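Working notes, structure below.
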Ligand code: NAD
Ligand code: IPM
Ligand code: MN
């Protein structure tokens, strides 16, 4: 079969990690006799450098013509990069938020899984990591604080800035349904994370999630305050199956969850709308501190490519094969610096990609 894949290499380590994911996809094509046609798309800093803006209509239109988009990461160092001299709405991050909104990618899936092989890289106490964990953070991606009204002004000579956290019931219902649907294929547990002891938006969130739960009698629903969740993630991560939460809480909790898997370099992500289309990117950023040094861990991007095979292209067998190849490389003792531990062989970004592609 022939599939059209958009590729956003992005900034910083983006091009390095995307190159390795493509190496793995090329190996998938060869083994399973598929053809992928790639279209390069500009976003973030790379788009600013060419067009002066982080997202163009051309990128949106071309993305829509693809079956899925694979992305590295965007953004630069806020202190040194000229992109941050621009007004906020013209910076790289605005491009990422813009494409999420334009393509209606409201459901962000971030799976955090502890490979047995990475227990030595996991910062948790041995008795906690011994149990392992396998959770999916379902983050709402096109609402909340990220997209509410904001302004900076002077009120009576005092500099004041405002961001608004707003959700309507429809936005909550569709992400909740998606979380319950996915829970049905997993261990049938949803933990909805909010701050309903303080925020009106969280009180509505809780009500609507309860309503949706009625259609899923087999799924066990629990609620947890976000501050408690941050603590539970390191005390007892094995308790979680699907974590359902709003945009900002999901951003923060997913970085925390990534670290207990060993490194942020392991955490993949899929951003989906109501169709088969999706944008697939690692959960981490452009890591300007290690860009261009062949140090970045490409596994999060490679696992995101596996999610793309599964969710947008319906290539389950191929997705399984990529995930198995990642596991095999870890079993064989190869590690990038971020997940390195005693007795393992340290490799760079390129070699890690090659080793995974070879195991397909
Ligand atoms: P970051 O995730 O880029 O980096 C945080 C730390 O993790 C750094 O020390 C970095 O070296 C390390 N790290 C990240 N990915 C790694 C990998 N694959 N392998 C090894 N180490 C890795 O977060 P930040 O420094 O806060 O942000 C840098 C830039 O990235 C900012 O411009 C930010 O806005 C942007 N950002 C983009 C995305 C995205 O494109 N989806 C996500 C998060 C941050
Ligand atoms: C992420 C990133 C983005 C977010 C930034 C770069 C806008 O941190 O994908 O997790 O906050 O959503
Ligand atoms: Mn983030």
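Every residue, even glycine, has its Cβ placed from backbone N, Cα and C.
Per TrEMBL, substrate binding site is recorded for 100, 110, 139, 227. The Mg(2+) binding site annotation in TrEMBL covers 227, 251, 255. As annotated by TrEMBL, NAD(+) binding site applies to 285, 286, 287, 288, 289, 290, 291, 292, 293, 294, 295, 296, 297. Taken from TrEMBL, the feature domain 'Isopropylmalate dehydrogenase-like' covers 4-356. The annotation site 'Important for catalysis' is assigned in TrEMBL to 146, 195.
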Could you give the maximum C-alpha to C-alpha distance in Å for the residues 285, 286, 287, 288, 289, 290, 291, 292, 293, 294, 295, 296, 297 that bind NAD(+) per the record?
16
What is the set of residues, excluding 227, 251, 255, whose C-beta falls within 8 angstroms of the centroid of the C-beta atoms at the Mg(2+) site?
226, 230, 248, 249, 250, 252, 253, 254, 256
Are there residues of the same chain, six or more positions away from residue 285 (NAD(+) binding site), whose CB falls under 8 angstroms from its CB, and which are they?
12, 73, 74, 75
Spatially, and counting Cα to Cα, which of the recorded positions is closest to residue 297 (NAD(+) binding site)? Options: 146, 195, 251.
251
Taking residues 100, 110, 139, 227, which bind substrate in the record, the widest Cα spacing (Å, whole number):
27
Measure from the Cβ of residue 227 (substrate binding site) and count the other Cβ atoms within 10 Å, all protein chains considered.
12
When you rank 110, 146, 295 by Cα distance to residue 195 (site 'Important for catalysis'), which of the recorded positions ends up on top as the closest?
146
Could you say which of the binding-site residues 251, 255, 289 has its Cβ with the most other Cβ atoms inside 10 Å?
251
Drop a 10 Å sphere on every Cβ of the binding-site residues 293, 297 and tell me which sphere holds the fewest other Cβ atoms.
293
Secondary structure at residue 110 (substrate binding site), reduced by DSSP to three states:
strand
DSSP-derived class (H/G/I helix, E/B strand, else coil) of residue 100 (substrate binding site):
helix
Take the Cβ of residue 139 (substrate binding site) and count every other Cβ within 10 Å, whichever protein chain it belongs to.
29
